[in-house]
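Report on the following structure.
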Amino acid sequence: MASGAVADHQIEAVSGKRVAVVGAGVSGLAAAYKLKSRGLNVTVFEADGRVGGKLRSVMQNGLIWDEGANTMTEAEPEVGSLLDDLGLREKQQFPISQKKRYIVRNGVPVMLPTNPIELVTSSVLSTQSKFQILLEPFLWKKKSSKVSDASAEESVSEFFQRHFGQEVVDYLIDPFVGGTSAADPDSLSMKHSFPDLWNVEKSFGSIIVGAIRTKFAAKGGKSRDTKSSPGTKKGSRGSFSFKGGMQILPDTLCKSLSHDEINLDSKVLSLSYNSGSRQENWSLSCVSHNETQRQNPHYDAVIMTAPLCNVKEMKVMKGGQPFQLNFLPEINYMPLSVLITTFTKEKVKRPLEGFGVLIPSKEQKHGFKTLGTLFSSMMFPDRSPSDVHLYTTFIGGSRNQELAKASTDELKQVVTSDLQRLLGVEGEPVSVNHYYWRKAFPLYDSSYDSVMEAIDKMENDLPGFFYAGNHRGGLSVGKSIASGCKAADLVISYLESCSNDKKPNDSL
């Protein structure tokens, strides 16, 4: 009873407050949805003419494909709660044979092992590397192991090389980070790219032991806390999309907001904070593609989800004086091209069932130029006609930044060549669609501490300003959703504190 009364009081304290959310990707939309559900007035500003950010689904000529993220997971609790609240469980779509994933080794796709027995018999790794993996729990006991210095900038490559050897880095870690962040293990900072594993090593020494114990602890918590949740069982099934593509998620979030609460084609040019009162201290101006500039109503708080490279271009005022953003560091972004191709089934001589195939950097010596390919119609048979295979191939990233910028015709030849080696495709694809992401992902490199410090400085120096998105906390869809939800919680706490500061002291 007491906790319920407190919750009611908190809702009453923030109800009706006005919050501006800049950016209508999943971070911004998740934040806006959570704020609105708590009774706040929300306005979302999006520079593009659509919502979704890096989630883009296309339906065309009987095909459905994604030009950004193709799947997501439910590793973050905020994701499951959001799916339940939005009623999206019935639209979830789980890939067929998603455990069948492949890595190229010596020019040939090899299925990744999913358990220790499969690891022993797999040809992905040498016998020496297999033993190193199996012995890691015994070799890396907490008391006798030298773990990473908390202040050290260890790369992903160095971290996994210490635990499992160089071959594991070359043939497992390298293709994985290439496929998930378009980066390479030498460039990525371990503590920013894999913070959970970074912390697991601190606690357990062995990351295998730590991962297993953490997983079982999480399962135990879920069994106690979410027994009645309809999505608990489904949430354990790994990667998923939605019927109609990933765009369904932002579109559904958008529908939860009114027309007046979503401003598309609204690029924010400036923000201004004035500390004259404890409410509605923020104002912002934006411009549309036809150069129409407008000043918007005042707000009590701002959640910024735009990329930091765009934030640097904004004019920020504080108390009538310019608030310089020159402390924001330059961020490296990975360029990426996505090529969607179709082949008639009779032209694919060695089709593979499963999720997809990733290509290690070392396999470039065999002529491969792409990062990997998703077997889109194998995962989701309703994404193409029954006589057609649909493939989604990724090109570029840190491995080949110039190739990412190539023309559609050039990339078609590159992709067709790789698919010929991998799957035995013959001839030209029936259809080709190309989308180029100039800045697909921020690179969590060795200097990323300075980025996090800059974000903290903005939030500390600008009352009521909060940052969310894939520049903080992770690149995945789930991490981005969690980031937006956490920013919404911080806004609510901030507004509650402002409300409490305004109240007279009524203690006896």
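Placed from the backbone N, Cα and C atoms, the Cβ positions cover glycine too.
A quick note: this is a predicted structure, and the numbers were derived from the prediction, not measured.
Per Swiss-Prot, transit peptide is recorded for 1-22, and the stated evidence type is sequence analysis.
All protein chains included, GLY25 (FAD binding site) registers 26 other Cβ atoms within 10 Å of its own Cβ. DSSP assigns GLY25 (FAD binding site) to coil in the three-state reduction, outside any helix or strand. Positions annotated as FAD binding site by Swiss-Prot, on the basis of similarity to another entry: 23-28, 46-47, 68-71, VAL268, 475-477.
Annotated region 'Disordered' per Swiss-Prot: 219-239, in sequence order.
Most other Cβ atoms within 10 A: among the binding-site residues SER27, ASN70, SER476, that distinction falls to SER27. Scoring each of the binding-site residues (GLY23, GLY68) by how many neighbouring Cβ atoms lie within 10 Å, the top position goes to GLY23. VAL268 (FAD binding site) counts 25 other C-beta atoms within 10 Å of its own C-beta, drawing on all protein chains shown. Proximity of GLU46 (FAD binding site) to non-local residues of its own chain (separation of 6 or more, Cβ distance below 8 Å) is seen for GLY23, ALA24, GLY28, ILE262, ASN263, LEU264, ASP265, SER266, given in sequence order.
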